[in-house]
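This report refers to the structure that appears directly beneath it.
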Amino acid sequence: MSEITLGKYLFERLKQVNVNTVFGLPGDFNLSLLDKIYEVEGMRWAGNANELNAAYAADGYARIKGMSCIITTFGVGELSALNGIAGSYAEHVGVLHVVGVPSISAQAKQLLLHHTLGNGDFTVFHRMSANISETTAMITDIATAPAEIDRCIRTTYVTQRPVYLGLPANLVDLNVPAKLLQTPIDMSLKPNDAESEKEVIDTILALVKDAKNPVILADACCSRHDVKAETKKLIDLTQFPAFVTPMGKGSIDEQHPRYGGVYVGTLSKPEVKEAVESADLILSVGALLSDFNTGSFSYSYKTKNIVEFHSDHMKIRNATFPGVQMKFVLQKLLTTIADAAKGYKPVAVPARTPANAAVPASTPLKQEWMWNQLGNFLQEGDVVIAETGTSAFGINQTTFPNNTYGISQVLWGSIGFTTGATLGAAFAAEEIDPKKRVILFIGDGSLQLTVQEISTMIRWGLKPYLFVLNNDGYTIEKLIHGPKAQYNEIQGWDHLSLLPTFGAKDYETHRVATTGEWDKLTQDKSFNDNSKIRMIEIMLPVFDAPQNLVEQAKLTAATNAKQ
């Protein structure tokens, strides 16, 4: 076969970079393209309930496998996906957004086509996406199309940001040389400038050598930009106390003897706050300093000796080194840092949160107890997904087993995100290891935005655990403003009827209202095996919330009220 269609070329390239499931919806401008996915063995078209959920699913898949792809149709389809794409941009997640667009001739003639604004402007939606994309491409020439596809795939992966790729309907059936597939896409990072890199490393080593009370703080981009292994080795070699931010949950092993807890500024446990803020050197890996990630910007370091490791630059104290990538800096540091740190005398890390005290089995379930107890149910390798709201804050109180994947959307915070993200993560987990468990915690309010995607989970035989926290409405909003306001109320649903309503045949449902019911269920051997999809409704008091969320809500309300 000397030639293949451009559409097939796209899917072959995606398969080569380990993207095996593609998300999205069919539309008349992408139908011919979608035909080609079935020509590539090992590729799967998920077929979502709507484009927003598809974007969320692509985000969840990419967080596990490194990048993903969503395909939508021109105008109506692509715009429905943009909230999800914006979230991926904000949170550094590599999603390739492929849009089937009208033929080149139709665009040239400015035909008054459906799905347009009726003004002959076929570039308007492309322009809308540009500000939430690392780069964009609109294919117009079949001769350069393969190179453009390769560039878009590489950029998606390397930058961990969304990329927009427009494919006109008349080009996807045209042929390109098949031999192009024999040359893999270069997915490697370009080397750092040697002189700048040496200056950075020498400066860090000098700071490490002088430090008496250093700490390591792992944040979101530690996971997103693939330096988890380097960060773990950094902890092993130096024995510095290591902490995570809320967005960094899962980026380092929380069973490591040098793990000290979650740092969230003033919302941290007092001993964690003191340990981090009294440090004389902070090695901050992959920081994303958003309000909910920092306790409303309440970091209060006593030292100026802060080293920030970023994907595309380094910052040491007040000096910034553009273009110096943390991946290479960390790799080179690991060859010499043990010697620089040999004078360090390890200090004790903050004690782990003690186990819950024994209570009568009839005790009503509350969030503080539940999140602390959850660690007993989790297993090494689990994917734990926490929805914006009480779940995203409560999960900070749970100590993860090693090699746990943590997914939340602390920065973008689009409620309902995690239903779609769970679908994407479940596809990714199945491709890695069918026994890998995917566990969702979502509020009853958030679920109502994106519940349709449960039907896609059922369609594909995926087996996540769906924990629905039923506290009768939008609790996080109630805590911020309007505790009794009608706009924070929702219609109650019969959650345990949802799985059969969506057509599930092999499933389980449970309702848990007491500590005894929680322990009995989570300790059950068969329940711990991900043999079927499960929905577990957790009955909670209306205003019950993790204490750190209560405090964050006060800070957010104060910020909103400032003139």
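Even glycines carry a Cβ here, placed using N, Cα and C.
The phosphothreonine entry in Swiss-Prot, when matched to the candidates Thr266, Thr418, Thr450, corresponds to Thr266.
In Swiss-Prot, the annotation phosphoserine falls on Ser526, out of Ser251, Ser526.
Considering Lys36, Lys302, Lys332, Lys342, the record held by Swiss-Prot lists Lys332, annotated as ubiquitin cross-link. DSSP assigns Tyr157 (pyruvate 2 binding site) to a helix. Rounded to the nearest whole angstrom, the C-alpha distance between Lys269 (ubiquitin cross-link) and Ser414 (thiamine diphosphate binding site) is 27. Each of the recorded positions Lys212, Arg224, Lys233, Lys484, Lys520 was assessed for Cβ neighbours inside 10 Å, and the highest tally belongs to Arg224.
Fewest other C-beta atoms within 10 angstroms, among the recorded positions Ser2, Thr266, Thr390, are seen around Ser2.
Closest to Thr390 (thiamine diphosphate binding site) in space, going by CA atoms and restricting to the recorded positions Asp28, Arg161, Lys212, Ser223, Ser526, is Ser223.
Residues near Ser526 (phosphoserine) in space but far in sequence (CB under 8 A, at least 6 apart, same chain): none are found. Ranking the recorded positions His115, Arg161, Lys269, Lys332, Lys505 by how many other Cβ atoms lie within 10 angstroms of each Cβ puts Lys505 at the bottom.
Scoring each of the recorded positions (Thr336, Ser414) by how many neighbouring Cβ atoms lie within 10 Å, the top position goes to Ser414.
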